[in-house]
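Let me begin by presenting the structure, written as structure tokens, before commenting on it.
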Amino acid sequence: MVAIKNLVLVALTAVTALAMPSPLEERAATWTCMNEQKNPKTNKYENKRLLYNQNNAESNAHHAPLSDGKTGSSYPHWFTNGYDGDGKILKGRTPIKWGNSDCDRPPKHSKNGDGKNDHYLLEFPTFPDGHQYNFDSKKPKEDPGPARVIYTYPNKVFCGIVAHTRENQGDLKLCSH
């Protein structure tokens, strides 16, 4: 009888432990970028909503070389964010505010981009399906698509995702998340 009571007590304890809520896993942010793309059937531009997973974009950034334009494709390269190399805002430009002090500070970008005290933003292609961009592709280089993951040099801190407003040309605008 004692054995049965102990067995019931162990079973109830196990059920209670399994029924306790576990912490929820934080989901990766989804970034939404708007981009005009030409419809091949109508030959007219249409607004497309492109979705990017932040974990994939961060992975793209971490797999990219830590260089400024020194690859076959020229990616990654400096994202000026409206600044010159000395951290002064260029006339008529408004820098994107990322909400992260590493990303928001004015850059220091030496002539070759790898000075001892350099800190600036890099841009690297990112894709909705998360595949890695072939940064060593030469002419014809792989299509980088409309979106870029932005991160810091030299620490590779993720800042955000920006996209061209029309296909792979024009201004880069901050995507929403």
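Each residue, glycine too, has its Cβ placed from N, Cα and C.
Copied from Swiss-Prot, the annotated features are:
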- H77: active site (ACT_SITE)
- E123: active site, proton acceptor (ACT_SITE)
- H164: active site, proton donor (ACT_SITE)
- 102-117: compositional bias 'Basic and acidic residues' (COMPBIAS)
- C33-C175: disulfide bond (DISULFID)
- C103-C159: disulfide bond (DISULFID)
- 1-27: signal peptide (SIGNAL)
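Sequence features, as recorded in Swiss-Prot, placed on the structure.
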{"residue": "C33", "record": "disulfide bond", "DSSP (3 states)": "strand"}
{"residue": "H77", "record": "active site", "DSSP (3 states)": "strand"}
{"residue": "C103", "record": "disulfide bond", "DSSP (3 states)": "helix"}
{"residue": "E123", "record": "active site, proton acceptor", "DSSP (3 states)": "strand"}
{"residue": "C159", "record": "disulfide bond", "DSSP (3 states)": "strand"}
{"residue": "H164", "record": "active site, proton donor", "DSSP (3 states)": "strand"}
{"residue": "C175", "record": "disulfide bond", "DSSP (3 states)": "coil"}
**Item:** Residue from C33, C159, H164, C175 whose C-alpha is spatially nearest that of E123 (active site, proton acceptor), among the recorded positions
**Value:** C159
**Request:** Could you list the residues of the same chain, at least six apart in sequence, whose Cβ is under 8 A from the Cβ of C159 (disulfide bond)?
**Result:** W98, N100, D102, C103, L121, I150, Y151, T152
**Item:** H77 (active site) to C175 (disulfide bond) - Cα separation in whole Å
**Value:** 19
**Complete:** For the disulfide-bonded residues listed (C33, C103, C175), most other Cβ atoms within 10 Å of the Cβ sits at C33
**Asked** Residues with Cβ closer than 8 Å to the Cβ of H164 (active site, proton donor), same chain and 6+ apart in sequence?
**Response** N35, P146, A147, G170, D171, L172, K173
**Complete:** Of the active-site residues listed (H77, E123), the greatest number of other CB atoms within 10 A surrounds the CB of E123
